[in-house]
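Here is the structure we will look at, set down as structure tokens.
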Amino acid sequence: MHPRFETAFAQLPAALQAALAPLIADTYFPAMLSAEQVADVRRQSGLDDDALAFALLPLAAACAQTEISHFNVGAVARGLSGNLYFGGNMEFRGAAMQQTIHAEQSAITHAWMRGETGLAAITVNYTPCGHCRQFMNELNSGLTLRINLPGRAPSQLGDYLPDAFGPRDLDIKTLIFDTENHGYALKGDALTQAAIAAANRSHAPYSQSPSGLAIETRDGEIFTGSYAENAAFNPSLPPLQAALNLMSLNGYAWADIKRVALAERDDATIVQRDATAATLKALGFTNLELVTLA
């Protein structure tokens, strides 16, 4: 078990501990449960979907990286597949505050990068901030996304975001979690191809500037991130954050980064390379490889 989970795990009910123990024993537990695993954990613990998501929040919050605020937020996203995806807020000391990943963004992007096609619900241990409410409005679930908070009846995103402005107001048809392929040809080695594939999946309808990023760890694992643009612009999530999020949730440290490749167009309206390099430098990594989409 990864050390970050030990304290939270010890506080779980005994039946839930017994059900989860073999699943999270690996140091590189991927911070998600498949639909089959969820069904088995529910059977052993006696918890329904919502109760299980609430019970898992301490484990999700344990994934947070909060060097600045020291305030851990956890989120658990339930995909249409029945899979559960953990998320935690992530802060990067030495980088701009805008590079922060919120817990809801973490869980949602985690599900997206795993190939999920939509969300049925998201459970959070604190009320979503306005930034996250706007971010969630870019999903294909729209204002109907179910939001579960401790001590409150389930609500929909529309209850938290009245008079919403979003992609539908701009006649955007393809949303986050919908199938997207920008059609750029794969080339180069495995890391380069992974970055291009991530760019092909990116959601960039406002700037028309798709981008993707791939991280290779020292043990040869590759984690990718796709750019997630937002109708309100500022809540957009860069591809580096999506990849760092996936890597961290899988139990890796920033020191495990071996190579990073960023794929974007030379003539892109929105340029990721400078902010990407600056954030990587804050994490102690300085060799960003650039890949031109063509």
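Along the chain as shown, residues are numbered 1 onward.
Here the Cβ of each residue, glycine as well, is placed from N, Cα and C on the backbone.
In the three-state DSSP assignment, the secondary structure recorded for Glu104 (active site, proton donor) is helix. Under the heading active site, proton donor, Swiss-Prot lists Glu104, citing sequence analysis as support.
If you look up Swiss-Prot, you'll see Asn89, Met90, Glu91 marked as substrate binding site, on the strength of sequence analysis. Annotation note: Asn89 (substrate binding site) sits in a coil segment as assigned by DSSP. A C-beta separation below 8 Å, combined with a sequence spacing of at least six in one chain, links Asn89 (substrate binding site) to Ala64, Gln65, Thr66, Ser69, Phe71, Asn72, Val73, Thr100, Ile101, His102, Ala103, Ser106.
DSSP assigns Cys132 (Zn(2+) binding site) to a helix in the three-state reduction. Residues or ranges marked as Zn(2+) binding site by Swiss-Prot: His102, Cys129, Cys132.
Per Swiss-Prot, domain 'CMP/dCMP-type deaminase 1' is recorded for 48-168, and the stated evidence type is sequence analysis.
In the predicted model, the domain 'CMP/dCMP-type deaminase 2' (186-294) has a mean pLDDT of 98. According to Swiss-Prot, the feature domain 'CMP/dCMP-type deaminase 2' maps to 186-294, an assignment based on sequence analysis.
Annotated substrate site Asn89, Met90, Glu91; additional same-chain residues within 8 Å of its Cβ mean position, judged by their own Cβ, are Ala64, Gln65, Thr66, Ile68, Ser69, Gly88, Phe92, Thr100, Ile101, His102, Ala103, Ser106.
For Glu104 (active site, proton donor), the spatially nearest entry among the binding-site residues Glu91, Cys129, Cys132 is Cys132, judged by CA separation. Secondary structure of the domain 'CMP/dCMP-type deaminase 2' (186-294), assigned with DSSP and counted as helix (H, G, I), strand (E, B) and coil, comes to 36 helix, 28 strand, 45 coil.
Each of Ala103, Glu104, Gln105, Pro128, Gly130, His131, Arg133, Phe135 belongs to the same chain as His102, Cys129, Cys132, is absent from that list, and has a C-beta within 8 angstroms of the C-beta centroid marking the Zn(2+) site. Using a 10 Å radius centred on the Cβ of Glu104 (active site, proton donor) and all shown protein chains, the other Cβ atoms total 24.
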